[in-house]
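Over in TrEMBL, the protein carries these features:
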type     : residues : note
DOMAIN   : 494-543  : domain 'Cationic amino acid transporter C-terminal'
TRANSMEM : 46-65    : transmembrane segment
TRANSMEM : 77-99    : transmembrane segment
TRANSMEM : 111-131  : transmembrane segment
TRANSMEM : 198-217  : transmembrane segment
TRANSMEM : 277-301  : transmembrane segment
TRANSMEM : 321-344  : transmembrane segment
TRANSMEM : 365-388  : transmembrane segment
TRANSMEM : 394-416  : transmembrane segment
TRANSMEM : 428-448  : transmembrane segment
TRANSMEM : 454-473  : transmembrane segment
TRANSMEM : 494-513  : transmembrane segment
TRANSMEM : 525-542  : transmembrane segment
Amino acid sequence: MSKYFHSLSQTPHRLKSRMLATWTPDQEVNQVRLRSGADMKRKLRWFDLVSLGVGGMLGVGVFVTTGPVARDISGPAVFISYMVAGFSALLSSLCYTEFSVNVPVAGGAFSYLRVTFGEFIGYFGGANILLEYVLSNAAVARSFTEYACTAFGVSDPNAWRIKVNGLKTGYNELDFPAVALVLLLTLCLCHSTKESSMLNLVMTVFHIIFFGFVIIAGFSHGDGAKALVEPRGLTPYGVRGVVNGAAVVYFSYIGYDTVSTLAEEIQNPSFSLPVGIIGSVSVVSVLYCLMSLVLCLMVPYNEISKSASYAVAFRRIGWGWAGNVVGAGASLGIVASLLVAMLGQARYLCVIGRARLVPSWLAKVHPSTGTPLNATLFLGLCTASIALFTDLEIVMELISLGTLCVFYLVANALIYRKYTLTGQNSPLHTLSFLALLSSSALAFSLWWKLNKPWWGLMLFISITIGVTVIFQYHTSLLSSTANKNLLAPIPSTWSVPFMPWPAAISVFLNVFLTTTLKKLSFQRFAIWTCLVTMFYVLYGVHRTYEAEDIGRDRVEFVESHVTSTRVQPEMLDNIEMVVP
């Protein structure tokens, strides 16, 4: 205890030393990864990644968010909300792809931010992604219970839950089937990544066939004139409702983030990762738009059920048997979505454990299964505990806010890394551009939110375009000068085309969508930010500081003995294996 209080007394010094400390991609891939002991097994190929990405996204977006958003936020124009969110997600996925190819480790956004902006920003991004994964997985597991009820012909989606009087509404319905599903998938993921991927592939194939049935049946029996025009037209909540809906459904696209966390388990990452990430986002965006449109064709938006929306919609048009089929298909899709999301959350926690920002036992990879066993079990239990009582609506907007925040940071990190860390641009120039870009996006968003005249919106868009053009022109001049002097940066294996525009538009859209969320979302986000910052100050920074001290001591030990005949080669190998 006295040692810990001594560490606390050195907190200012340690924060100064560690908050902005970065690792190189080579250290992340070859050095930090050794802290997990055994390596993860490289068994996944490009089609595994596409199926994992598609499976991870489809179950959440269609069956969980579409009904509530169509009914209360966007109206029949919910398919346009999915278009806006899908376009933003595609831009973010491009940023993820370049990072994942050049830093092929299991840490996803945590690793990308850590190698660019330092330890604290990486930790902050990783903590938000973990919060989003755990809460969304718990909520989605509860949706499985609703659709499973309809698959067995039960009319009440809450029939399999146990209501407890005395608990607050939203927390008072215990969902034991959801808990059982989460624990079963946890055991499956502990066994093998490849077998889990094959299971997901089979479920995803059936899932897409099922989607085809729903889309064809919906277009055949839907009444577009009645459903899309009546009672209040395509956009009953206005353009703002469409944009607000896009912000809420945005977390439906988080499945591609899981694909990037599998980088250590992929054969030929430089080819498989771009195909897997971009391909899955593109496929899912099209399916989301068609499925959300079909729902509004079958049932007027104000009559859509918030629970088991698609199954109830088929019953409304007189297809009771189809409602049971939809319940079974949706349940299968939700299982696939959960499988992929739980796969990704464990790898995030594993890599954060390698960095010593959480207890290091969470970083261990089991030597026989090649999976992060401890992290998988720990997060599985956390997810199951929350799934027992927490309703989806309580966490849906908080999840979107965390997702938008992390994707915003990754887009900024790509610009900074590309033009400063591996390019010729000065840090001040790049940071100034990023600050102006975010400021103009925030000004546009607030102007929109306050319903000010349109000329202000055009002004802020013009400023955004102008600063991006100036930044691109300046960096192109530096690049041409470097080429003449033979100092051009080494090109990466895969690069986002037309930079910096895709990343800049991604920054703008993420800021814009964030400001459309409700005040309560920001309050909850602020509480979470305070909690994770306190954990970093009281625990994380001291563990990483001490780990680096031990690492330096070991390096000095190796260097002082490397010429000594008393040190056997195999002993030297063992020492090098634990250098952080």
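Note that Cβ sites are derived from N, Cα and C of the backbone, with glycine treated the same way.
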Determine which residues of the chain contact the transmembrane segment (77-99) at the Cβ level, with the cut-off under 8 Å and only residues 6 or more beyond its ends counted.
61, 66, 69-70, 108-109, 111-112, 234-235, 241-243, 245-250, 252-253, 256-257, 260, 273-274, 277-278, 281-282, 284-285, 288-290, 292-293, 295-296, 301, 407, 410-411, 413-414, 417-418, 492, 494-496, 502-503, 505-506, 509-510, 513
DSSP-derived helix, strand and coil totals, residue by residue, for the domain 'Cationic amino acid transporter C-terminal' (494-543):
40 helix, 0 strand, 10 coil
Do the transmembrane segment (198-217) and the transmembrane segment (428-448) share at least 3 Cβ pairs closer than 8 Å, excluding pairs fewer than 6 residues apart in sequence?
no
Do any residues, 6 or more residues outside the transmembrane segment (46-65), come within under 8 Å Cβ-to-Cβ of it, and if so which ones?
82, 136, 139-140, 143, 147, 194, 197, 200-201, 203-205, 207-208, 211, 248-249, 251-256, 258-259, 262, 266, 268, 271-273, 275-277, 279-281, 283-284, 287-288, 291-292, 309-310, 330, 333-341, 343-344, 392, 396
Quick check for me: are there 3+ Cβ pairs below 8 Å between the transmembrane segment (494-513) and the transmembrane segment (428-448), leaving out pairs under 6 residues apart?
yes
Averaged pLDDT score, the domain 'Cationic amino acid transporter C-terminal' (494-543)
87
Which sequence positions outside the transmembrane segment (428-448), separated from its termini by at least 6 residues, show Cβ-Cβ distances below 8 Å to it?
240, 243, 412, 415-416, 419-420, 456-457, 460-461, 463-464, 467-468, 471, 474, 504, 507-508, 511-512, 514-516
